[in-house]
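**Student:** Here you go, one structure.
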C-alpha cells in the first residue's frame, strides 16, 4: 500500500520507530480499545477484526496536520526525523485513551521510543502541551499566537478537544455483532499459522504439536525467527480463545486470564489498589512497581504468558503479610533486569517473629532461583539485625555464581542479592514499627538509613532554553538568527518525508544480503554457494572476483583471508530480502584459523600490533619539569589509567542504499543514506572501472549518521553497485540493526595513561599522557582520530610542560571509524580525569580554574587564541547553575544520607572547528531562480537532522531578500554540485553557507540593474524582467576555506579555524546499593558566536549532550573472548531513553559573541557538546567519592567509562560489596564508626515479644 511513514528501525520492538495504533471493538462493553504496538512484531495473522492506524492515517500536509504532529514539529522535536512517526503514534494513542494526560502518562507513553538526535527534551515539551499541567496556547484555542511559533503566549481560555473533529473511523463492519468464531488457518511457504477459538481446541493442538510455540504478543518468538534463524513449521496463536482473557474478582483476590496483556493487568491492579483497603494491596503494589519498568508501553500492550496457563490468581494480602519486588537494570526503564527479586514475609500476629518467608531471584541462574535455605534460617526467628546479618551470610553461600556465569557481572550480581535484601529488611522494619507505634521509624532515625528505600527523583522539572536576541535593527523579514522550525519537521512528523528505503520498489529490483565471517583471524579455504543458489528467488552470489575495476576498499578484499568476525565475505542477491537472507544462511565457508588473534589494547601493545605512524607532541620539557614539582602523581598501574569503552552510532536509519543501472553508457544512479556522497561516487566508479561522471549519488536525507556513514557506507555501496553491475538490475541493500552493528564498527575504545606533576597551590607544571586506541582490523580513519586526540589533550588548561603520545592499535575486531567528536571525547576524558585526580590529591575544588588559559595564549601546537569566551562560559555556567550554594547543599545531603549520594561536576571545553587537512575546507553551491520567482538551492552538505538545509534556506533568504517560502532544497546530488566534502567536523554550515551566500550574492548583483529600472517592482517582476533581458538566473557559488595544516615533524600548525567554547554543570543522585543514578540538573553555557538558528543549535547541543551522557554512563559494547560482538540491538545495547534526560535541563547561548572566521559570525556546534556529557560521569564519580568516605576510603580511585550501574555500585564499596569480596565477614547495615544504640521504649517491645537493637551513625540522627 506504499505507506512508508512507519519506520523499520530495529525489527525487535526495541526502538519504537514502527509504532502504530491497533484498535479492537469490545462487544461486551461496546467500546473500542486502542493500544500502541510495534509493527515489526505484529503478525498480520493476528489482526482479524482489528483496525491499524499508521501515522499517515491521522494527518498529512495535503489535508490537515494532526495537533500531535504539529506540536512535536513546532517544539523542534524532530531532527533527522526517522523516529518521529513512532513518537507521534505513541502520543496519539495516549490521547485516544486519555485526552488530558499528565506528565507521567506522557513519559510512560514515550518510554518505548528511542531518539538519537534530539535529547528528548523538545519531544516531551511538544507532547506536554496536551497536559492540563501545561499552559499551552494551542490547547486553549489560541494557535495563532502560539508560543511554539515564537509569539508571546496568550491568556488561558477554555480547553478544546485535542485532536481533529473527524478522527479515523473504526469500520462499522468491525463493530458488527461477532458471528460464531471458527478456527483460522494460514498457510505460508514454510509455515502454518493456526488460531483456535476454544480452550479444548488449543489443548488438542498443543498435544498434537508439542514443539509448536504459542504466540500472543510475538515479543519472543518473533525476534527469534527474525534474528536467530529459528524455524517453526507450525505456530499456534490462541489470541481468540476467550477463556484466556477472562478476569474474575473475588474478596480473596483477582484471577487474570493468561492472555491478558501486561498493560491490562497493570490497569486492573491500579484500579484495585484504589478500591480495596491498603493493607490488602501489598502484592498488587509490588507488582505495579515492577510492571512500570518492564519493557516499553508497546511491549506491555501485547506481552503475555507464553505457556498454556489458563489463568493466574493474585490474592489480596493477609494481615501481617508484606511483599516487595526490586529490580536493577542497565537502563532505568525498558531494559532486561540484571537482577530482579520478589520477597514476601508474613509475621506472627503482634510480634516480629517470621511465620512465612519467600525470596526469589532472577538473573542469578538459568531460571528463577528460590533462596530456600536463607528463608528456612529466618523462619521462626525475630526479624532483627542479628537474624538478618546471618541471613546475608547464608544468602551469599546459597546464591553462588561461577566466574563463567552467563552475562558475567558476577561480583555485581552477588552484591545486588544482598543489597536488595537489605532494602527489603529496612522496609519491613518500617512496617513492624507501624504495627506497634503509629509514627514512622524513619521520621525518628532520619534520612541516613531511610535513603536506602527512598526512590531516586524522577519528576521532570521546567527547563530553560535561553536564545540570543537578533542584532538590533535587523529587518523582521530576515530569518537569520531566529528560531525557525526545521524545514522538514512537519513532513517528518506526518510520515511523508522520504528516506532511502521509502523509495518505491523498481521493476526487477533485487535485494542484497551480506555474508560475514564467523572467525576473527583465518584463511578462507573454500566458499560453497551451491545450496544458496538453489533457494527459490536467489539470483546470484557476489564475491570479490566479480569486481570489474580496482578493489580499493580493502575491507571487503577478503576472498582469501578474514581478520574479524563480521568481515564481509560475499553477498547474496535475490528477488526479495527474505529469500536473500535464506540464501546467505546457506553459504558455506571453510576456514583455517590463523594463530595469535589480537582483541585488546594490551594484546596489541604486547605484540606491537600498531598502524603507522604513531604520533607524539610536546610543549616545554616534561622530563625536566617533573624534577621541579612538589608532587608527582602516577599512582599504581591501575589508578593512573582510565579506560573509555566504544560507542555504537545507533543511527535510527541503518545503512541503506538503492543502486539503479540506467542501461545506457554504463550509468548508475545511487540513492543512499550517506554523509559523503562524493566519496561514495568515487569509490563506486573506481570499483567498477568507470569514470565518476557515470555515477550520480543522491541523498535526500539521512536518518542519523554521527560519522558512521562516510567510509562504511561507501564500502557497502561498492558491493551493492557490483551486484547491480553484474545483474543489470536495481539492487537494494538495507542492513538489519544487528548486521549494521556487527559490520560497521563504532567509536574507538581508548586506554589512557597519565603522569602529572603539580605544586602545592594546585598549578599543574608537567603532564605526560599516553593514548592507545583500539582501531580494529583496518586503519579506516584511525590515524586521523589519534591525531585529533593529541591536538585536544590540553582542553582548556595551560600546562607549560605537556607531552602526549597516541597509537592506533591493530586488532581482530571490526574496524572502528569516525564518530561525533572524532577522538576528542576520548582525549579530554583522560585529561579531565587527570585534573580530577590532582583535585582529590590536594583536596581542592579549584584546580580547573587555577590551570585554565587566562589570556591570549599559544596551544601546545603553537596556535594563538584568546580564551576570553571560554572563561565567560565557565563563569556564567557557575553563576546560572548556582554552583556555590548547590555545592553546599550536596555536601549537606551526603552527610544526611547514608545510601544515596549526590555529586556535582563542572566541565569546560575548547573544541577546534574545521578540517586540519586544508583541502577539505571548501564547498560549492548551485542556485537557480525560476521565472515564477521560486528558487532552487543545491549545495554539498547532506541533511542528517542537523538542520543544514534549514540554515541554507535562511542564508539564501537573507541574501536574496525574499521569503524563505520561495526557496526549496530538494536533495544533495553529485550531478548538481560535484566534488563535495564530507558533512562532518561541525563545518557543514560554515563551508556550504558561504558557498550559498556567494551564489546568492552573484544573482542579487545581476538583478541590480533590473531593480534600478523598476524600484517599485516585486521580486517576481524583477525576475521576469531579468529573463526577458537575457540575464542569467543561475549561479555557482564557491567557498575556499582556511589554509589549515598541521606539521607533525615540527609539532606546530594551525589545524583549526577557531574554537567553540562551552561549560557544563551537572548534578546527580546515586543509589550506592544498586549503582543506579539520576541526573538531577544540567546547565550548559555555549559560545556559538551569533547563532543562525538558535532552535536548531540548541537541538544540536541537547542531542550531543545526551549522546555523550550515553557514552560516559550507559552504552557498553560487549565482545566474547573470541571477538564476537554480543550487543547487536536495542535489547542488548542501551542508548539513553526518555527516562535518562536530566530532570532539569537548561541551555544558555553566550551573548555578545562574535566569530569573524565563519558565516554571519556563527560557530560550528554539532560535535563539541558531546564531551560535556562527561560532566555526568564526573558528577557520578564525585558521588561515589562521598560514598567511599563512608567506607573509610579517600583519594583518587579508578572509575572507567562508561560509569554503568555495575561499575558505580562496586566503586561505592558498600558493606555488601565488601562482604562479597571477603565472602565470609559478617556485615552490618551501618558498618560505620562510633555507633550508638537506639532502643526507643524497650518495654513496649518486651510486651509484644519484639526486640530492636539497631545501629546508626551519629550523623544519621536528626536533632
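Cβ coordinates come from backbone N, Cα and C, glycine included.
In TrEMBL, annotation is done automatically, which means it is predicted and not curated.
Just lifted these from TrEMBL, have a look:
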ACT_SITE  1167  active site, proton acceptor
BINDING   10, 15, 18, 40  [2Fe-2S] cluster 1 binding site
BINDING   80, 83, 115, 117  [2Fe-2S] cluster 2 binding site
BINDING   214, 215, 216, 217, 218, 219, 220, 221, 327  FAD binding site
BINDING   675, 706, 820, 985  Mo-molybdopterin binding site
BINDING   822  substrate binding site
DOMAIN    186-406  domain 'FAD-binding PCMH-type'
**Student:** Counting only residues 6+ apart in the same chain, whose Cβ is under 8 Å from the Cβ of residue 706 (Mo-molybdopterin binding site)?
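**Tutor:** Once residues fewer than 6 apart are set aside, residue 706 (Mo-molybdopterin binding site) is near 116, 649, 651, 819, 820, 1107.
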**Student:** Can you check how the pLDDT averages out over the domain 'FAD-binding PCMH-type' (186-406)?
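**Tutor:** Across the residues of the domain 'FAD-binding PCMH-type' (186-406) the model's pLDDT averages 88 on the 0 to 100 scale.
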**Student:** Determine, using Cα-Cα distances only, which of these binding-site residues is closest to residue 216 (FAD binding site): 15, 40, 80, 117, 822.
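**Tutor:** Closest by Cα: 40.
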**Student:** List only the single closest residue to residue 115 ([2Fe-2S] cluster 2 binding site), chosen from the binding-site residues 10, 15, 327, 822 by CA-CA distance.
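**Tutor:** Ranked by Cα distance from residue 115 ([2Fe-2S] cluster 2 binding site), first place goes to 15.
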**Student:** Report the residues of the chain - excluding 10, 15, 18, 40 - with C-beta within 8 Å of the mean position of the site's C-beta atoms, for the recorded [2Fe-2S] cluster 1 site, in sequence order.
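**Tutor:** The answer, listed by sequence position, is 7, 8, 9, 11, 12, 13, 14, 16, 17, 38, 39, 86, 737.
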**Student:** Among the binding-site residues 220, 675, which residue has the largest number of other Cβ atoms within 10 Å of its own Cβ?
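**Tutor:** In terms of Cβ crowding, the pick is 675.
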**Student:** Would you mind checking how many other C-beta atoms are within 10 angstroms of the C-beta on residue 216 (FAD binding site)?
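**Tutor:** So the number of other Cβ atoms within 10 Å of residue 216 (FAD binding site) is 23.
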**Student:** Return the member of 83, 117, 675 nearest to residue 18 ([2Fe-2S] cluster 1 binding site) in space, with distance defined Cα to Cα and candidates limited to these binding-site residues.
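**Tutor:** For residue 18 ([2Fe-2S] cluster 1 binding site), the closest Cα among 83, 117, 675 is found at 83.
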**Student:** Counting across all protein chains shown, how many other Cβ atoms sit within 10 Å of the Cβ of residue 10 ([2Fe-2S] cluster 1 binding site)?
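**Tutor:** Around residue 10 ([2Fe-2S] cluster 1 binding site), other Cβ atoms within 10 Å: 28.
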**Student:** List the residues in the vicinity of the Mo-molybdopterin site, defined as same-chain residues other than 675, 706, 820, 985 with C-beta within 8 angstroms of the site's C-beta centre.
**Tutor:** 705, 707, 708, 710, 818, 819, 822, 944, 983, 984, 1166, 1167
**Student:** If you measure from the Cα of residue 214 (FAD binding site), which of the recorded positions 83, 675, 1167 is the nearest?
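**Tutor:** The smallest Cα gap between residue 214 (FAD binding site) and any of the recorded positions is with 83.
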**Student:** With Mo-molybdopterin as the bound species and 675, 706, 820, 985 as its recorded binding residues, calculate the greatest Cα-Cα distance and give it in Å as a whole number.
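**Tutor:** Of all Cα pairs among the recorded Mo-molybdopterin binders, the widest measures 12 Å.
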**Student:** When you tally the Cβ atoms that lie within 10 Å of each candidate's Cβ, which of the binding-site residues (18, 80) has the highest tally?
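**Tutor:** That would be 80, with the highest Cβ count within 10 Å.
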**Student:** Using the Cβ centroid of 80, 83, 115, 117 as the reference point for the [2Fe-2S] cluster 2 site, which residues of the same chain not in that list have Cβ within 8 Å?
**Tutor:** 78, 79, 81, 82, 84, 116, 118, 652, 703, 704, 945, 1103
